[in-house]
Amino acid sequence: MAAPLTLLLIVAVTIRAVLFRSSLAELISERVEVVSPLNAWKRVVEGLALLDLGVSPYSGDVFHETPLMIYLFHFMVDYAEIVFMIADGITAVALYLSIQIYNKNVFRKQKYALESDRYPADCLELLRSPKEMFYIPLKVAMFYLLNPFTILSCVAKSTCGLNNAIIALFIFCTLKGSALLSGILLALATYQSIYPLTLFAPALLFFLQRLYIPVNLRRSSFWFFTLQYAFIYVGSLVVITGLSFFLLGSWDFIPSVYGFIFSVPDLTPNIGLFWYFFAEMFEHFRLFFICVFQINVFFYTIPLSIKLKEHPVFLIFMQIAIISIFKSYPTVGDVALYMAFLPAWSHLYRFLRNIFLVSCVLLACSALFPVLWHLWIYAGSANSNFYYAITLLFNFGQILLVSDYFYAYLRREHHLTHGLYLKKKDGTEATLVLK
């Protein structure tokens with residue numbers, strides 16, 4: 001599989017290199033769907049200019065990236081295009097290797113279950129074959145590298161691509177079984193944008209499952225490993241934050257980065273849910289609704305962790321999708337990361353109920369974003385309501401997509417336990433309902 005992956009990387013790099021040299025690069029870097037006030041390259045350049053003048057990049061209201069990011073580009077600014085292409089390559093390879101490991105684990109568990117005769121006789125058609133799983137890692141890498149959302153994000157030099165690389169490496173190290181590297185990379189991802197904090201739960205569940213430690217609050221082994229992993233994570237976060245203070249010489253970055261993410265002061269339009277709502281919000285209600293909107297990202301972690309405690313990898317997918325939908329400044333690069341996982345769940349297609357509708361909605365919205373933006377900003381024949389309407393529809397499509405996969409995953413697991421053809425007590429065919 002090394003040769004197809006290498007060819008894929010060459011094709012992906014070529015596409016990006018051609019677009020970097022085209023006249024489209026500047027246009028793409030201005031698109032509000034592709035960049036946000038947090039990750040726009042122009043703001044990074046402004047921050048670098050202030051740093052070169054001996055002024056704190058956080059002294060104004062322009063730069064909102066982390067100190068480690070600005071110091072990285074302080075030395076690599078002349079090679080920024082190469083850095084972003086390498087970041088995409090790292091993400092794709094990490095996802096490729098992660099899905100390889102995941103498929104091996106799935107096949108091994110499936111084999112043991114078959115040998116112990118745990119599956120009902122009528123659900124054998126639901127089992128996955130090695131031939132079916134062989135090309136899935138390559139498809140995942142392809143879904144990431146050749147996704148137009150990923151390509152646009154890279155060409156715009158959005159720092160979202162670097163965040164995706166960190167999260168992909170975290171997933172790889174987690175599935176590889178390295179608790180130390182997993183905790184460090186999760187701390188780095190949290191340091192970058194806070195929201196990956198929710199990935200702590202699925203990572204912990206994966207390691208507990210790997211070490212055969214039951215999720216039991218009365219077991220000392222459960223608490224020992226949980227505290228151990230939490231110590232690695234929190235300790236790494238403290239060290240990274242301390243290093244940022246050492247580099248910058250002040251704590252100005254905390255309100256400028258994390259305060260900016262939580263308080264949402266910049267209402268530049270994007271593909272998220274925040275900007276229009278808070279543009280219309282009365283000031284004395286603002287704090288309450290900020291809390292309501294922000295809690296969405298974190299609220300679903302506990303119930304999903306309880307429901308999917310035996311399936312931590314799928315839980316990681318769910319959490320990444322929720323982050324990309326409900327974060328305060330989302331871009332298409334965030335959407336591309338969780339969409340790359342869709343080939344890994346190809347065995348769920350028979351249980352998906354709305355995939356055609358969702359596909360049409362997402363494609364139509366992707367096409368209409370620039371159209372309605374032009375009508376609003378340039379032609380003056382539309383207004384912000386039009387653009388926000390398509391934003392709402394786009395997020396509705398994402399929610400429908402994620403919930404459909406969630407339903408399909410649970411339904412398949414139910415069939416593997418109780419059989420494919422369910423019957424009521426009177427012998428008639430039963431319908432499975434997700435509650």
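Heads up, the Cβ atoms here are built off N, Cα and C, so glycines get one too.
Sequence annotations record features per position, and here TrEMBL assigns signal peptide to 1-25.
What TrEMBL records for 82-102 (among others) is transmembrane segment. Within the chain, the transmembrane segment (82-102) has long-range Cβ neighbours (under 8 A, six or more residues past its boundaries) at 5, 8-9, 12-13, 16-17, 72-73, 76, 136-138, 140-141, 144-145, 150, 154, 157, 161-162, 164-165, 168-169, 171-172, 175-176, 313, 337, 340-341, 344.
Long-range Cβ contacts of the transmembrane segment (194-213) within its own chain (Cβ-Cβ under 8 Å, at least 6 residues beyond either end) map to 167, 170, 174-175, 177, 179, 182-183, 186, 219, 221-222, 225-226, 229-230, 233, 258, 261-262, 297-298, 301-302, 305, 308-310, 312-313, 315-316, 319-320, 322-323, 327. The transmembrane segment annotation in TrEMBL covers 194-213 (among others).
If you look up TrEMBL, you'll see 225-251 (among others) marked as transmembrane segment. Taking Cβ pairs closer than 8 Å, the transmembrane segment (225-251) reaches residues 56, 58, 66-68, 71, 179-180, 182-184, 186-188, 190-191, 200, 203-204, 207-208, 211, 213 in its own chain, all 6 or more past its ends.
TrEMBL lists 257-278 (among others) with the feature transmembrane segment.
Annotation source TrEMBL lists transmembrane segment at 285-302 (among others). Residues 195, 197-198, 201, 262-264, 273-274, 277-278, 318-319, 322-323, 326-328 of the same chain, all 6+ positions outside the transmembrane segment (285-302), place their C-beta atoms under 8 angstroms from a C-beta of that stretch.
Taken from TrEMBL, the feature transmembrane segment applies to 314-342 (among others).
Sequence-distant contacts of the transmembrane segment (354-379), counting only residues of its own chain at least 6 positions beyond either end whose CB sits under 8 Å from a CB of the stretch, comprise 31-33, 148, 269, 271, 386-387, 390, 393-394, 396-398, 400-401, 404. The transmembrane segment annotation in TrEMBL covers 354-379 (among others).
The transmembrane segment annotation in TrEMBL covers 385-407 (among others).
Remote same-chain partners of the transmembrane segment (385-407), defined as residues 6 or more beyond its termini with a Cβ less than 8 Å from a stretch Cβ, comprise 269-273, 275-276, 317-318, 321-322, 324-325, 335, 338, 342, 345, 348, 351-355, 357-358, 361-362, 365-366, 368-369, 372-373, 375-376, 434.
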